[in-house]
Amino acid sequence: MSETNARIRYEDWEHYAKKRLSKGAFGYVQSGSNQEQTLVKNREAFNDLELVPRVLKDVSNRDLSIKLLNQSLAVPFLLAPVGFQRIVHPDAERASAKSAQKAKVPYIMSTVSSTSIEEVSEIMRDVPHYFQLYWPNDQDVCESFVKRAEKSGFDAIVVTVDTPYLGHREVDLSNGYSPINTGAGIENFLTDPVFQEKYNPNHDLSEAELIDEIKSILFKQDLTWSNIRWLKKITDLPIILKGVMHVDDAKLAVEEGIDGLIVSNHGGRQLDGTQSALKALQTIRQEIGDDIPILVDGGVRGAPDVLKALAIGADAVLIGRPYTYALVDGEAGVDQVLNNFTKDLDTSLAILGVNQVKKIDTSVITNSVNR
Ligand code: FNR
């Protein structure tokens with residue numbers, strides 16, 4: 001394939017990214033933790049699940065939109081929070097947000113972005129955008145992030161709850177690679193008045209020193225439900241928990257009045273050896289019914305995967321690596337992936353024999369998820 005041909009397949013983007021990125025950066029994006037069993041299972045679960053199309057249905061007019069948190073979303077997929085995007089392209093999150101805005105694809109911005117909260121919100125405007133919180137181990141900085149997100153126009157806070165520590169990512173350890181050491185992903189800290197006042201009062205720290213300060217508060221290991229209750233008090237924004245896999249945690253979230261869940265094993269990057277995200281979704285949805293919106297991520301590579309996830313009970317899905325690889329070509333690359341995903345979804349929906357994404361239910365699958 002010549003470099004000028006359109007890249008459509010996920011594998012082609014992955015291959016392209018591998019050629020273009022440093023070994024460390026590519027390994028960081030691609031790999032999972034430990035033996036990558038969970039990473040593989042996320043895909044296998046999608047492969048196992050079977051769609052059954054209906055025929056002779058009028059599918060000449062289609063509607064891809066859904067409702068989530070009282071907002072209309074143009075499509076049932078969102079860009080997952082992917083941190084450190086500057087290791088992939090200098091335009092980083094700015095390029096992803098611009099592309100998402102044009103394609104009307106909702107964007108979840110990572111805490112560890114190289115573009116500030118305010119700038120991303122300004123780019124996204126009326127297209128829904130959520131702020132993903134890696135809860136800093138400093139309550140004042142945490143509160144400042146949340147207030148900035150609220151003030152600048154974000155529509156929800158997504159608290160990632162599966163990361164008290166980073167997973168044991170053997171590829172990164174072998175490569176001696178840590179994305180934050182490149183200076184990527186620190187913009188929200190650098191632009192935060194509370195962080196600056198507390199950790200860099202004289203504005204005299206070098207970048208390396210700042211990175212060390214950021215690392216020292218990046219994850220909070222004693223985060224519990226009481227912190228989530230505090231968060232509910234300090235913000236009016238809906239709160240979504242990302243990284244829930246256990247049905248008992250999902251039940252607690254409902255009891256605590258959480259607004260939504262993202263069933264996720266972090267794309268196989270945190271605890272290895274878990275079941276697939278799709279299987280966890282199936283169990284959780286069966287147990288908790290329709291009490292709460294549930295999103296899922298991990299292994300979604302095309303429209304049929306989106307349809308499968310919706311069929312077993314997801315309200316929407318997130319995609320991570322598919323757009324991250326395309327970001328190698330900046331905004332234009334992400335444009336290609338998002339437009340392709342939307343087009344694929346539109347035609348796959350029609351071929352499934354359904355004309356509204358909202359109408360997808362278990363009747364279009366035959367089996368259940370087994371891994
Ligand atoms: C992630 N993910 C992630 N999650 C999160 O809550 N905050 C973050 O900053 C990041 N950063 C990040 C970087 C990279 C390079 C990857 C690949 C993933 C996890 C992400 O939100 C999502 O859960 C998975 O990427 C979904 O799986 P797929 O679509 O990549 O298979």
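First residue shown is number 1, and so on along the chain.
Every residue gets a Cβ built from N, Cα and C, even glycine.
TrEMBL lists 2-370 with the feature domain 'FMN hydroxy acid dehydrogenase'. Among the features that TrEMBL reports, glyoxylate binding site is placed at Y28, Q132, Y134, R169, H266, R269. The FMN binding site annotation in TrEMBL covers P81, V82, G83, S110, T160, K242, S264, D297, G298, G299, V300, R301, G320, R321. The active site, proton acceptor annotation in TrEMBL covers H266.
Put simply, G298 (FMN binding site) is 7 Å from H266 (glyoxylate binding site) when counted between their Cα atoms.
Look at G83 (FMN binding site): DSSP puts it in coil. Ligand 1 lies under 6 Å from the Cβ of the following binding-site residues, listed in sequence order from R169, S264, H266: S264, H266. Residues belonging to the domain 'FMN hydroxy acid dehydrogenase' (2-370) score a mean pLDDT of 97 in the model. Taking the Cα of S264 (FMN binding site) as the reference point, the closest of the binding-site residues Y28, Q132, R169 is Q132. Here the candidates are the binding-site residues P81, G83, T160, G298, G320, and by Cα distance the one nearest Y28 (glyoxylate binding site) turns out to be G83. For the binding-site residues shown (R169, H266, R269), fewest C-beta neighbours within 10 angstroms: R169.
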